[in-house]
Structure formats: structure tokens, C-alpha cells
């Protein structure tokens with residue numbers, strides 16, 4: 001594989017080569033500065049001054065050329081507009097077709113300009129990260145803060161492509177007018193055959209969305225899934241990628257993955273309203289519900305790893321295994337009452353955790369779903385999770401009946417296990433009949449036989465079997481080895497396959513984590529911890545303070561789950577288009593902190609409005625925070641963590657699962673202080689973690705660009 005500098009040279013647009021940032025020159029300068037600093041021949045302040053000036057000049061070159069090209073495109077659009085106006089009086093089919101072709105030609109050139117801007121924007125980001133890595137400075141923070149926030153910022157011209165929006169708007173509007181101007185023709189036979197949406201407009205909008213990181217409802221929902229998207233595909237790769245994706249994609253298989261996601265979330269939360277009663281019926285304390293709920297998360301820590309590795313070779317077999325294990329786990333959970341054994345109850349929940357195939361569900365979407373619908377599939381993954389979170393407690397509230405068949409007891413405690421066991425059995429039958437295993441890439445098979453010891457990393461290194469090849473790499477690899485000598489020859493840009501390959505251990509993955517990534521993982525840990533405390537202890541807290549029944553707890557939890565989709569619609573469609581992700585991130589963290597503070601029981605008697613309102617603030621803010629957090633995480637994470645067994649999705653899943661385990665253990669331990677202390681004792685770690693996350697975000701704020 002080739003380094004970014006060589007890829008930049010290969011992908012540069014013919015005739016525009018002189019207007020790209022000189023990435024190779026800046027990289028050589030960084031190495032030169034390092035040698036001079038080591039030799040004591042240069043001061044740190046002089047390095048910062050020289051490099052800032054050089055980077056300013058490079059960005060100015062890009063920005064001025066971009067403005068020049070915008071002017072050319074605007075002039076062409078103005079001339080086409082004049083022809084368009086003249087055509088309104090006496091429309092002719094041939095003139096309409098010619099006019100449309102003229103607009104399409106402008107669109108193709110606009111698309112080239114967007115590719116140009118994107119390549120340079122990523123190049124700037126990569127060289128800043130390289131500089132910080134080589135010298136240990138916080139130069140990126142300084143540079144972004146002083147340049148991006150300046151009213152005459154040329155950096156903003158590159159990253160926000162100021163002015164291009166007007167060109168995109170004019171082009172889209174005029175093509176739309178021509179496409180829908182059907183009333184001007186004498187008969188339907190005179191109308192040219194036009195598609196509902198011109199392909200060039202679709203391509204431009206996709207490129208603009210990738211360039212700005214702007215979002216809509218589907219995009220924002222998809223961020224929760226943390227399914228990493230290819231950035232900006234090259235036109236040459238697109239046809240091959242579409243053909244390959246079509247060969248691997250199967251709608252029913254995608255649906256089965258989404259149903260698996262839904263059922264697993266139902267399985268997770270269906271026991272929450274009754275876990276304390278079930279624990280007491282088996283002779284344990286009510287707060288042991290934390291261990292009962294958390295046992296599933298403990299097992300999921302291990303399940304995520306082996307399912308992620310297994311999905312390198314197959315999707316069907318892991319899903320079959322998951323369904324069988326979940327069937328057995330729920331059966332044991334339901335039978336624990338008649339066995340009068342808390343151990344059987346916990347073993348059942350451990351089995352349920354071992355059946356967590358969410359890593360497979362994510363992987364199937366990223367590997368096998370075509371890019372054009374991957375955003376919808378990712379949003380479907382999140383929606384299925386949210387719906388499962390709401391349906392689980394609601395279903396528990398409906399199972400308020402008791403009867404016996406032979407020696408088997410069916411009541412509000414055991415029925416969740418019986419219902420889920422039947423659901424997984426039916427799902428298993430459906431899966432066996434309808435799922436289609438995607439074809440394994442020949443390259444993957446070859447790599448597997450070539451190096452069995454690294455099969456997981458190698459196979460996943462060819463994960464492009466279902467994804468468009470990225471037009472460029474979005475993150476600087478952390479482990480890249482840089483030679484001291486100048487890199488004058490193209491061959492010096494080559495890096496080893498190993499330095500680009502997916503990591504094959506947790507330790508290697510950890511070494512790739514930059515401070516920004518660590519902070520985002522800390523935030524993810526914090527929000528999952530706070531949400532788990534709120535949800536898992538709800539039955540104990542509300543019973544103690546308010547005397548709520550199981551049905552009341554179920555309704556409360558279901559209402560919380562139902563807020564997910566409306567909140568994401570508002571944030572994804574409106575708020576995220578008005579503010580930067582990092583701004584939403586910080587405000588959301590503060591709101592989570594406010595929700596935690598309002599949840600404490602101090603001085604005055606604890607009331608239902610206080611609990612419900614504080615819980616709602618905390619839960620909604622955490623949902624917003626999760627989407628923005630994972631969006632930023634995908635940007636600042638190394639490209640080597642975008643694929644392989646130990647990928648970014650696995651790391652975030654493990655961080656969230658560890659948070660849930662610790663939260664559930666905290667609830668059980670806090671139970672020894674008495675129910676009157678449970679609420680405050682469990683909220684205190686949430687508050688401390690949240691405050692630390694806010695402080696850490698402030699320190700890395702300018703690197704979240």
C-alpha cells in the first residue's frame with residue numbers, strides 16, 4: 001500500500017497538480033525540524049513559526065484556487081441561466097437536452113472541485129497530526145484555534161468550502177426546473193425521458209455531505225451504530241464497488257440482522273422491571289438485581305471479541321450460534337424459579353450475554369450492504385436498538401399474570417424468559433430458512449491460506465469486498481516508521497503492509513489511541529455508565545421512594561426508550577445543521593451533568609417529578625451525546641482501526657460494556673449501604689466521571705475538528 005503523499009499525487013486532477021498542498025515537502029520539513037531540534041540547532045519557537053507560515057501559504061494556495069474555480073463555475077451557470085430564461089418563451093426539446101447537458105458538465109466540474117477540496121482538507125489534517133506526533137506539541141490545537149475561528153480564515157474556506165453551497169444550490173435548482181417543466185410541451189410524446197433525480201446532483205450532494213460532515217436524520221441515527229463509512233470514493237472505484245456490493249447484498253439477510261439486534265435489546269431490558277422481585281423470590285437482596293442485569297454485560301465483553309473474529313469468516317454461523325445460546329440462556333432464566341437457584345438465574349443471563357451478536361450485525365452492514373443504502377441500514381440498526389429498548393420494559397409490564405403447567409411456574413418473573421426463549425427459537429427457524437451467506441472474496445481466501453496465524457487481520461484487511469475503496473485515508477497511522485533521511489524518491493513514500501494492516505491485538509489497538517480518541521472513549525464510557533445506573537436501579541429506587549408497581553416501572557422505562565427516535569429527528573434534521581459536532585458534544589455533556597445533579601436526594605423529600613424530569617434530562621442528553629460522540633470518534637480514530645477484528649466499533653462496544661458492568665456492580669455494592677443510600681452512592685461515580693469528561697473535552701476541544 002502507498003502512503004498518503006503518493007496517493008495524493010496519484011489522485012490529483014490533471015492540470016491542477018500545482019494547486020494541491022505540497023504534502024511531501026511539508027513531511028520532509030517535519031523530519032528536518034526533528035533532526036535540527038535533536039541536534040540543538042533550532043529552537044522550538046522558530047519551528048512553530050516556520051511551520052505555521054509554510055502551512056498558511058499552502059492553505060492560501062488551495063483557497064485562492066478554489067475561489068478562482070468557483071468564479072469560473074458561477075460564470076458558466078450565469079450563461080446557462082440566460083439560455084434557460086430565453087428557452088422559457090419557446091421551448092424546444094433539443095435545446096432543453098443541450099441545456100441539461102450544459103448543467104451536467106458544470107456539475108461534473110463541480111464534483112472535481114469537491115474532490116480537490118477534500119483531498120487538501122484531509123492532507124492538512126494529516127500533516128497537523130504528524131507534526132504533533134513527531135514533536136509532542138499541541139500545535140493542532142493552537143493552529144485550529146487561531147485560524148479556524150478568525151473572521152478572515154482561509155482554513156475555513158477549505159474545511160467549510162465557503163461559496164460552493166451557492167453553486168450547488170443553483171445547479172440543483174436549475175436541473176430540477178428543467179426536469180419538471182413538463183407543461184411546456186404539446187404532448188407527452190414530446191417530453192424527453194428524464195429520471196426523477198439527476199445522477200450528477202446525487203453525486204454532488206454525497207460529496208458535499210462527506211466534505212462538510214453535515215448530517216440529516218438518517219446520518220445522525222447512523223452515527224449511533226458506529227459503522228464506519230468510506231470517505232470519498234474515487235469515480236474509478238465506484239463501478240467495481242457497486243457490482244461487488246450487489247453480489248454480496250441480500251435484503252432478507254439484512255432484515256434478519258436487524259431483527260437480531262431488536263430481539264437482543266428486548267432481551268436485555270425485558271427483565272429490568274422485575275429483576276429485583278425475582279432476586280428476592282430466590283432469597284437474595286433486591287439490589288442483587290444489579291448483578292443479574294450486569295451478568296449479561298460481563299459475558300458480552302468476551303462475546304464481542306470472538307463474534308468480531310468469527311465474522312471475518314462467516315456471518316451465518318455466528319448468528320446460528322447466537323440464537324441457540326440465547327434460547328438456552330432464556331430457558332435457564334425462566335427455570336431458575338422452579339429450581340429455586342440464584343446460580344441458575346445468573347448462568348442463564350451469562351448465556352444471554354454470550355449470545356450477543358451485535359458485532360456481527362454491525363459488520364454485516366459495513367461489509368455487505370451497498371454504500372448507497374448503508375446509511376439507511378445503519379439508521380435501521382439504531383432504530384431497531386431503540387425500539388427494542390422501549391419494547392422490552394413495555395412487554396414486561398404486560399406479563400403480569402401467574403399460572404402453572406405441571407411443575408413449571410409462569411409469572412411476571414419467569415415469563416420474560418419463556419417469551420424470549422420462544423422468540424429466539426422462531427428466529428432460529430427463520431434464520432436457517434432465509435439467510436444467505438455472502439460470498440467470500442477470493443483474495444480473502446488466498447490470504448487466509450497464506451498466513452493462518454494472522455488470518456483475522458489479513459481477511460479483514462480485504463474488507464473492501466463489500467465496501468467502496470476509500471478515495472483517501474482519513475486518519476494518520478500512529479505506528480508509521482519514518483526514516484531520518486530526506487524522502488526525495490517516490491519509493492520512499494511506500495510503507496509496509498504491516499504498518500497499514502488492521503491490528504491483531506487489543507494491545508496494538510490501544511497503542512493507536514491518540515488523546516482525542518481516549519477522551520471520546522471516556523465520554524462513551526461515562527454516558528453508558530450513567531444510562532445503566534438510571535435504568536438498572538429504576539425498579540429498586542422507585543419502589544423504595546414512590547411505591548411503584550412493576551407496571552409503573554415498565555411504563556417509565558418504555559417512555560424513556562420512545563424518546564430516542566423523536567430526539568434524533570430533531571437533532572439530526574435541525575440542531576446538527578446549525579452547530580458543530582464538538583459544540584453539541586460539550587453542551588450534551590453539561591446537560592447530562594445537570595440531569596445527574598438534579599437526581600440526587602438531598603435536603604428535601606424525593607418526589608416523582610424530580611426523579612422523572614432528572615431522568616429524562618439525563619437519558620435524552622446521553623442519547624444525543626452518543627450520536628455526536630461516535631461521529632467524532634470515527635473522524636479522529638486511526639484508519640487501521642476501521643477494519644479488522646480489533647476495530648473501532650469493538651473498542652467502543654467494549655468501553656460501553658465495561659461501563660455497564662461496573663454500573664451494575666456499583667448498584668449491588670451500594671445495596672450494602674441500605675436502600676436509603678443507594679441513589680446517592682450510585683450517582684456519585686456518574687457525577688465524577690461526567691465532570692472529568694467535560695474537563696477532558698475542553699482540553700481536546702480544538703482537535704475535534
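Each residue, glycine too, has its Cβ placed from N, Cα and C.
Because TrEMBL annotations are produced automatically, they should be read as predictions rather than curated entries.
Annotated compositional bias 'Acidic residues' per TrEMBL: 479-496, in sequence order.
The domain 'SPX' feature in TrEMBL is assigned to 2-145.
Sequence annotations record features per position, and here TrEMBL assigns region 'Disordered' to 479-500.
Summarising the annotation, TrEMBL assigns transmembrane segment to 254-272 (among others).
Here TrEMBL flags 284-307 (among others) as transmembrane segment.
Look at TrEMBL and you will find 319-336 (among others) tagged as transmembrane segment.
Feature annotation from TrEMBL assigns transmembrane segment to 342-360 (among others).
Counting residues 6+ beyond its ends, the transmembrane segment (381-403) has Cβ neighbours under 8 Å at 221-222, 224-225, 227, 257-259, 261-274, 361-362, 365, 409-412, 415-416, 419, 550-551, 553-558, 560-562, 564-565, 568 in the same chain. Annotated transmembrane segment per TrEMBL: 381-403 (among others), in sequence order.
Positions annotated as transmembrane segment by TrEMBL: 415-433 (among others). Long-range contacts of the transmembrane segment (415-433) within the same chain: residues 256, 259-260, 263, 266-267, 270-271, 274, 316, 319-320, 323-324, 326-327, 330-336, 348, 395-396, 399, 401, each at least 6 residues beyond the stretch ends and with a Cβ under 8 Å from a Cβ of the stretch.
Long-range Cβ contacts of the transmembrane segment (521-547) within its own chain (Cβ-Cβ under 8 Å, at least 6 residues beyond either end) map to 269, 272-277, 286-287, 289-290, 293-294, 297, 513, 553, 556-557, 560, 585, 589, 592, 596, 599, 601, 606, 608, 611, 615, 618-619, 622, 625-626, 629-630, 633, 651-652, 655-660, 662-664, 666-667, 671, 675-676, 678-679, 682-683, 685-686, 689-690, 692-693, 696-697. If you look up TrEMBL, you'll see 521-547 (among others) marked as transmembrane segment.
The feature transmembrane segment is assigned by TrEMBL to 553-572 (among others).
Summarising the annotation, TrEMBL assigns transmembrane segment to 584-604 (among others). Panel annotation: around the transmembrane segment (584-604), residues 523, 526-527, 530, 534, 545, 571, 575-576, 610-611, 613-619, 621-622, 624-625, 628-629, 632, 679-680, 683, 686-687, 690-691, 693-694, 697-698, 701, 704 of the same chain, lying at least six beyond its termini, place a Cβ under 8 Å from a Cβ of the stretch.
If you look at the transmembrane segment (616-633), the same-chain residues 6 or more away from its ends with a CB under 8 A from one of its CBs are 213, 215, 220-221, 223-226, 517, 520-521, 523-524, 527, 530-531, 534, 560, 563-564, 567-568, 571-572, 576, 581-582, 584-585, 588-589, 591-592, 594-596, 598-599, 648, 652, 704. The transmembrane segment annotation in TrEMBL covers 616-633 (among others).
Long-range contacts of the transmembrane segment (683-704) within the same chain: residues 140-142, 144-145, 515-516, 519, 522-523, 525-526, 529-530, 533, 581-582, 585-586, 589-590, 592-593, 596-597, 599-600, 632, 635-636, 666, each at least 6 residues beyond the stretch ends and with a Cβ under 8 Å from a Cβ of the stretch. Here TrEMBL flags 683-704 (among others) as transmembrane segment.
Within its own chain, the transmembrane segment (342-360) is flanked in space by residues 257, 260-261, 264, 267-268, 271, 278-279, 282-284, 288, 291-293, 295-300, 302-304, 307-308, 310-311, 315, 318-319, 321-326, 328-336, 417, 649-650, 653, which lie at least six positions past its ends and keep a Cβ under 8 Å from the stretch.
Beyond the ends of the transmembrane segment (254-272), by six or more residues, the same chain brings 278, 292-293, 296, 315, 319, 322-323, 326, 330, 333, 349, 352, 355-358, 360-361, 364-365, 368-369, 377, 380-381, 384-389, 391-393, 395-396, 416-417, 419-420, 423-424, 427, 430-431, 434-435, 535-536, 538-539, 553, 557, 561 to within a C-beta distance below 8 angstroms of the stretch.
The list of residues near the transmembrane segment (319-336) in space but at least 6 beyond its ends in sequence, with Cβ under 8 angstroms from a Cβ of it, reads 256-257, 260, 263-264, 267, 271, 278, 282, 307, 342, 344-345, 347-357, 360, 408, 414-418, 420-421, 424-425, 427-428, 431-432, 435.
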